[in-house]
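Q: The following block contains the structure, expressed as structure tokens.
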Amino acid sequence: MTTFYTVVNWLVILGYWLLIAGVTLRILMKRRAVPSAMAWLLIIYILPLVGIIAYLSFGELHLGKRRAERARAMWPSTAKWLNDLKACKHIFAEDNSPVAESLFKLCERRQGIGGVKGNQLQLLTESDDVMQALIRDIQLARHNIEMVFYIWQPGGMADSVAESLMAAARRGVHCRLMLDSAGSVAFFRSPWAAMMRNAGIEVVEALKVNLMRVFLRRMDLRQHRKMVMIDNYIAYTGSMNMVDPRYFKQDSGVGQWIDLMARMEGPVATSMGIVYSCDWEIETGKRILPPPPDVNIMPFEEASGHTIHTIASGPGFPEDLIHQALLTAAYAAKEHLIMTTPYFVPSDDLLHAICTAAQRGVDVSIILPRKNDSLLVGWASRAFFTELLAAGVKIYQFEGGLLHTKSVLVDGELSLVGTVNLDMRSLWLNFEITLVIDDAGFGSDLAAVQDDYISRSRLLDARLWLKRPLWQRIAERLFYFFSPLL
């Protein structure tokens, strides 16, 4: 009996070390950033079982077998659709401003489609204005409405949007709604999901959370896009979820969420529509490719419209493109670079690009919320401040609530707005959407919004920052080490 237990004991020990060795080898064989690999190895060696389970659950990008097969299957038809769209030559921009030229070329070559011109844009900075405009557009919709949000939180004006959407479905408008399972858990637990389906709306719970499949698909991979398309020529996107800030996370202690949305009319709605159709097919297996822009029903203002490129990121989309786009934008800056983000945990490359811009004389500003709803990200962000301040970057801490806007403005002319945070999750993992706008007029509008944020912010004093307590420095470095995993 003793011999039996001895053998079992040795087999358990051998299996334990083989498991650690196997996961270690898997980490080393994967093409990943060195800081990320080192952080995972540290966790596995300090807390082996916890680390191994965490790595198998969250360490690799698993879309899931069924979704991965759908993603592969959809590309031939999507590529054909993109090729056919190129016949609509009147919608594509041929020239860009010097500051935007490199970025637009990058996006065109990586995505197979160029930027589109003749779009009308309106920046909306108040949640009431966003929802009122959206309700008006829904009420006027004639053919189809597609929506995707990370969070839909019942309450306040979000319920008014839901009522208008159900009314549209009842009068014959084809309505589709895709919501992230984790972000919109309150919605799916409420009566609204059943009410919408009964009204004729196709409601899809994207990336459904299922603990039974935790090792088959990465659970923290989320559908983070916020998009609305109406009749294939009106579109919305930006940082705002379908929530009324007066009813959302009131007990978090960070104040109301401050967001930015863009309302657009023009060919960009078609570019966003193909992104939505890909998401819909990956999630449901149903193909819903949008029609090409119809010049007979779409007002086209070539002379006065804005030029926009749409960048989609996430599994199944061009890898690393949004990260490349941010690097290209930072290196293109010659005079001004202003970045707004709620979560700042950049890659080493992006941090280097930002610091280099400041060191070569560019006026670089980063606007962050002073209070953050994520304790981990808040402390990890602070770990980058010393290097940024030393390079000459201005750091503004917004004090008027949780600044949730995601925007970049380069030299007052090249703008990036959308759903992408400057953190690892947005850059490498989630389904995201970003608009790249080449227009000085829009840049002026965005600059006015950013100036308003700065007026409600406190400029971080480099001298006072260096005098912060030792315990804060230790906490910052600890969270910094694990920043590749956040």
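Positions of Cβ are set from backbone N, Cα and C atoms, glycine also.
Straight from Swiss-Prot, here's the annotation block:
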TRANSMEM  3-23  transmembrane segment
TRANSMEM  38-58  transmembrane segment
DOMAIN    219-246  domain 'PLD phosphodiesterase 1'
ACT_SITE  H224  active site
ACT_SITE  K226  active site
ACT_SITE  D231  active site
DOMAIN    399-426  domain 'PLD phosphodiesterase 2'
ACT_SITE  H404  active site
ACT_SITE  K406  active site
ACT_SITE  D411  active site
Q: Give the nonlocal contacts of the domain 'PLD phosphodiesterase 1' (219-246) in its own chain as ranges (CB under 8 Å, at least six residues past its ends).
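A: Hits for the domain 'PLD phosphodiesterase 1' (219-246): 57-58, 61-63, 124, 127, 130-131, 134, 137-138, 141-153, 155-158, 161, 178-180, 182-183, 206-207, 209, 256-257, 259-266, 268-270, 272-273, 275-276, 279, 290-291, 293-294, 297-299, 315, 401, 404-406, 417-419, 425-426, 429-433, 435.
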Q: Across the domain 'PLD phosphodiesterase 1' (219-246), what does the pLDDT come to on average, as a whole number?
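A: Mean pLDDT, the domain 'PLD phosphodiesterase 1' (219-246): 93.
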Q: Report, in whole Å, the straight Cα-to-Cα distance of D411 (active site) from K226 (active site).
A: 27
Q: For D411 (active site), list the number of other Cβ atoms lying within 10 Å of its Cβ atom.
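A: Result for D411 (active site): 21 other Cβ atoms within 10 Å.
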Q: Let me check the 10 A CB neighbour count of H404 (active site). How many other CB atoms are there?
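A: There are 23 such Cβ atoms around H404 (active site).
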Q: Are there residues of the same chain, six or more positions away from K406 (active site), whose CB falls under 8 angstroms from its CB, and which are they?
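A: Counting only residues 6 or more apart in sequence, the Cβ neighbours of K406 (active site) under 8 Å are G238, S239, L260, T340, T341, P342, V417, G418, T419, V420, N421, L422.
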Q: For H224 (active site), which residues in the same chain are close in space, meaning a Cβ under 8 Å from its Cβ, but six or more apart along the sequence?
A: Y150, D180, G183, T419, S426, N430, F431, E432
Q: Residues with Cβ closer than 8 Å to the Cβ of D231 (active site), same chain and 6+ apart in sequence?
A: A141, R142, H143, N144, I145
Q: Reported as an integer number of Å, what is the Cα distance between D411 (active site) and H404 (active site)?
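A: Distance between the two Cα atoms comes out at 22 Å.
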